[in-house]
C-alpha cells in the first residue's frame, strides 16, 4: 500500500524533474484549500511546479480538489464563461473579458463569469465589476437567482472558493504567474458547458486544452501573438477549438474581420477606476481600438456557446464565424442593450 503523501516528498519529486500524479495533486490542493499547508510549503510547490512545468494530470488533480471544496452554485450549466488566465507581460491589460461577458449576455447568451481580484494583474475582474456597481457580497443562492433574473451572474472566487484565501498572500508575494492562473478558468463552480478562455503563457496552452478535452467540454482557447490572454488586435492570435474531445487549431488575423490593427498601448488599462470608465464608454458606443478588441472577444464567447449546441460549426472557417459574431456583438452595444444589461445586472445584485 503506497505511503501517504507528504510535502517534502512531493516537492522533492518536482525538484528531481518528475511530476505528481492526479491523486498527489488532489492531496496537495486539498491541504491548501483547507489551510493546512504552510506558506513555505505552498510557495515551494508553486515555484517547483513553475520551474518543472505543470502537467495535465497535475492540473486535473488540483482542479478536482478545488471543486470538491467549493460552495455549490445551483445554475443551468448550459451557459458561457469568458475568462482569462492573467499573467500577461504587461500586467495592465483592460478588463476585456468582463465587458465581453456583458455584451454576450445582452446578445441573449446566459453567462456565468468566474473570476477574482487581481493577483498577477493590476485590475482583476472582481475589482472592475465592483467599480461598475456589481455587488460581490451576495450569497451563493442570490448569485444563482441573479442569473435567472438577468441572464448574467458572477461567481466571485473568494465567495465560492473560500479556501483560496489561504493562497492569496503567497501568490501576491511571489508576484508571478502560478498554477492558480491556469486553475481559475477551470474552476467555475457552475461548471458551464461553454468556455472562451484566454491564456497568456504559451507553454500552458496544452494544459488548458488538455483539461477541456478530457472533460469533453466545449471551449475556444486563445492567445494573442503579443502575449496577452485575449484575442488581440495588435496582430495575429492563435485559437485552439475544443469540441467533443477533438482540437482544431486556427490562426486569426483581425484584418480578415475588418478590424484594424491597434498598438498594444491602446489595449492597456491604468487601474480599476480608469478601466471601469473605459468599459462604460465602450458600452455607450464609443468607437476605437478598445471597442474593437472587446467586440472581437465577445464574438469568441458567442461562438463558443453556439459551438456547444452545434458541433458541426467546426467545419466552417473560423474567420467567417467570428465575423458574424462581431456583428451580433456590435448590435448589442449600438442598440443600447449592453449598457442596459450592465445596469440591470448591477441593480439585481443590490436588490
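A Cβ is built for glycine as well, from the same backbone N, Cα and C atoms used for every other residue.
Worth saying up front: this structure is predicted, and the values here are computed from it rather than measured.
As recorded in Swiss-Prot, the features of this protein are as follows:
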| type | residues | note |
| --- | --- | --- |
| BINDING | 84, 116 | anthranilate 1 binding site |
| BINDING | 84, 87-88, 95-98, 113-121, 125 | 5-phospho-alpha-D-ribose 1-diphosphate binding site |
| BINDING | 97, 230 | Mg(2+) 1 binding site |
| BINDING | 171 | anthranilate 2 binding site |
| BINDING | 229, 230 | Mg(2+) 2 binding site |
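Features recorded in Swiss-Prot, as mapped to the structure shown.
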{"residue": "84", "record": "anthranilate 1 binding site", "DSSP class": "strand"}
{"residue": "95", "record": "5-phospho-alpha-D-ribose 1-diphosphate binding site", "DSSP class": "coil"}
{"residue": "115", "record": "5-phospho-alpha-D-ribose 1-diphosphate binding site", "DSSP class": "strand"}
{"residue": "171", "record": "anthranilate 2 binding site", "DSSP class": "helix"}
{"residue": "229", "record": "Mg(2+) 2 binding site", "DSSP class": "coil"}
Inset, instruction - Identify which of the binding-site residues 171, 230 has its Cβ surrounded by the largest number of other Cβ atoms within 10 Å, counting every protein chain shown. - result: 230
Legend entry - Entries of 84, 116, 171 which, being binding-site residues, have CA atoms within 10 angstroms of residue 97 (Mg(2+) 1 binding site): 84
Legend entry - Residue pair residue 116 (anthranilate 1 binding site), residue 171 (anthranilate 2 binding site) - Cα distance, angstrom, rounded: 13
Inset, instruction - Tell me, in order along the sequence, which binding-site residues from 84, 171, 229, 230 have their CA within 10 Å of residue 115 (5-phospho-alpha-D-ribose 1-diphosphate binding site). - result: 84
Inset, instruction - Quick one: pull the CA-CA distance for residue 98 (5-phospho-alpha-D-ribose 1-diphosphate binding site) versus residue 84 (anthranilate 1 binding site), whole Å only. - result: 10
Legend entry - Spatially closest candidate among 84, 95, 171, the listed binding-site residues, to residue 229 (Mg(2+) 2 binding site) (Cα to Cα): 84
Inset, instruction - Could you round the CA separation between the residue listed as 'anthranilate 2 binding site' and residue 95 (5-phospho-alpha-D-ribose 1-diphosphate binding site) to a whole angstrom and send it over? - result: 20
